[in-house]
Amino acid sequence: MTRTVADFITETLLQAGVKRVFGVVGDSLNGFTDALRRQEQIEWIHMRNEESAAFAAGAEAHLTGELAVCAGSCGPGNLHLINGLFDAHRSGVPVLALAAHIPGSEIGIDYFQATHPESLFKECSHYVELVSRPEQLPQILHRAMRTAIAKRGVAVVVIPGDVALQATEAKVAQWLKPAQPLVCPAPPDIDRLASFLNDGKKVTLLCGAGCAGAHSEILALAERLNAPIVHALRGKEHVEYDNPYDVGMTGLIGFASGYKAMMNCDTLLMLGTNFPYRQFYPEHSYIAQIDLRPEALGNRCPLQLGLLGDVKLTLEAVLPKVMQNPDRDHLDQALDDYKKAREDLDALAESGPGSSIIHPQYLNRLVSELAAEDAIFTCDVGTPTAWAARYLKMNGKRRLIGSFNHGSMANAMLQAIGAQATYPDRQVISMSGDGGFTMMMGDFLTLSQVGLPVKVIVLNNGTLGFVEMEMKAAGFPDVGCDLKNPDFAAMAQAMGVKGIRVEHPSELEAALREAFAHDGPVLVDVVSARQELVMPPTKTFEQAKGFSLFMLKTVMDGRARELIDLAKVNLWR
C-alpha cells in the first residue's frame, strides 16, 4: 500500500511519544484516521464535539507537560475546536491541533464548508500553517510540535483532505524534544532582589502556577522573611499543602485573610503569577515580580523590580542573600486572620441535624474528605470553581484543573475525559455545574463508549448560579438564569452509566462513597440550594448598593418570596 502524508503524520506523532488523539471523524480527516487505524499504536478517542476534544487534549497537556493532540474536520469541525484551543493556549499547555481542510483545488472559491483556518486559529496559537504540498509537511509538522512545547501553547497544522492522501517518501526525522531553558536572573539582579526583600518589614508572597516544583524554596523564603503566603487559584495545587505560612487565596472567590495579607503588606513579591484582578493589589506597597513570561512583568500593577526567571532557580539563588526578619507581627496577624476565615468557611460546610438543604460547601468538603490521595479534580467555571477553591484540599499529589484563565463554561467533564484517558488508574472527579454540564452534555456518552470511569458530580441548583449572583450584585433582578433540568441520574441510567440522585444532606455521604467505590463511570445528581451566595473576601460600597437595588426591584416585580428563600439558604442555617 502506498505510504501517504497521513501515514507520515502518524509515524511522526508516534516517535514523539504521542499516545492518543482526541477528535471527531469527518471525510476531510479520513486519511489521518485510517492511518491511525492501520498503525494500531496511537489511540483515537472519539468525542462528540471537537470543542470537547480540544479541552480533553488540554487537560492531558496540563497534567503531563507533554505534547497532546486533537483533530477536527474541515469548516465547522475547525470552528468547534477553537474554544477548547483558546483555553489550552491561555493556560500555557502544549497542544497540537490537526485541522483538516477542504480540497486544495477548491480553496478560495467559496467551496462547501470553506473557511480560512490560518485566520481562524491565529488568535489561539503560537503557530498555524497550511500544508499545500507533501514536501512541506516534515518541516511544518516538526516546527509546530517544537513550537507548542517550547512556547507552551497551541500550534495548528492545517491539512487539506486530498493532500493527506497523497503519496510521500519522506523519512521521519529523529524527534528532538525542545528542553525547557533554565532561566535565572543575572547576579546583579539577584542582588537587587535580595536588597528589595531585606528592606521589607511586612512582606507577603503571592504565588501562582509558575510556582510548580518550587514548594520547598517558597517555604524557605517565607520562613526567612516571616512572610504569609497567598495563592492565586492556579497556584493552589502547588503551594497550599504542608504550608504553615498559608493564609489562603485572594481574588473574587478568595479568602478575607488572603485579601488582608496583600493589603497590609509593605512589600509584595509575586511568584509565577499574572493574577488578573487589579483591585486586589495593594496600592501603596513596593512590588517585585518573578516570571518566565516577559509580557507578564508589570502587566497588572506598577513594579519596583521585575525579574525574568524560573521561580525555583531564582529563589535558590537569592535565599543565601536574604536576612532573617526578626519581626513576626505581620505573619502572626495574617495567620490569625486565616484561622478566623477558615473557621467561618468550615462552619458553612457543616450539615446540621435539622438541615433539609444540601449546601455546596458541605458537598465539596465531603468530596475532599472521601476522594483518593492522588485524585484529579476538574471544576466548571462559576460557583463550582469557588467551592473547589475553598474546600478541596491539595496535598502535593492531587491535581486541580479548570478553565481558570479563559473562563469557559462546560470545561469540567471534558477535561476529566482527558485526565482519565491519560491516567486510567487514578480517580478523576468532575465537579460540574448544571449549566456547564448541560452545555456539552453529549460527551457524557463518551464516558460509557470509551470506558472511562470518571465520577461526574453535578451541582444541580437549577440556575446559572454565578451569573445570577453577579446580576444581583450589580443591582439587576436575575433574568434568563433558570435551568429546567431533567433527573440527571435517570438520564445517566438511560445512557448505560450508573446514576445516583441525592435530594437530602443525610444521603450525601453514602452516595459519594458508593460512587467512588464503583469501577465504572458514575453521575451523582446533587440537588442543591439555588440561592447560595459566594461572598467575596471584601465587599465594596458599589456591591452593597447593587444588592440593595436588586432587593428593591425584586419586591417591586412581585418576587419577594425569592428574598425569603435567599435568607433561608444563607442566614438561617
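Heads up, the Cβ atoms here are built off N, Cα and C, so glycines get one too.
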Completion exercise
Candidate ranges 70-111, 448-489, 532-573; TrEMBL annotation region 'Membrane-binding domain' resolves to 532-573
Problem - Among ASP291, ASP310, ASP327 - the residue TrEMBL places in the same FAD site as THR250, GLY251, LEU252, ILE253, THR273, ASN274, PHE275, PRO276, TYR277 - result: ASP291
Fill in the blank from the handout: In whole Å, the longest Cα-Cα distance within the recorded FAD binders THR250, GLY251, LEU252, ILE253, THR273, ASN274, PHE275, PRO276, TYR277, ASP291 is 24
Exercise for the section: By Cβ count within 10 Å, point out the most packed of the binding-site residues listed: PHE275, TYR277. Expected result: PHE275
Handout entry: CB within-chain contacts under 8 A for THR273 (FAD binding site), separation at least 6
Key = LEU206, CYS207, GLY208, ALA209, GLY210, CYS211, ALA232, ARG234, GLY235, ASP291
Handout entry: For the binding-site residues THR250, ASN461, the one whose C-beta sees the most other C-beta atoms within 10 angstroms
Key = THR250
Handout entry: Listed in sequence order, residues with CB under 8 A of ASP434 (Mg(2+) binding site) and six or more positions away
Key = VAL458, LEU459, ASN460, ASN461, GLY462, THR463, LEU483, ASN485, PHE488
Completion exercise
Once DSSP output is merged into helix, strand and coil, ASP434 (Mg(2+) binding site) belongs to helix
Exercise for the section: Across all the protein chains here, work out how many other Cβ atoms are within 10 Å of the Cβ of LEU252 (FAD binding site). Expected result: 17
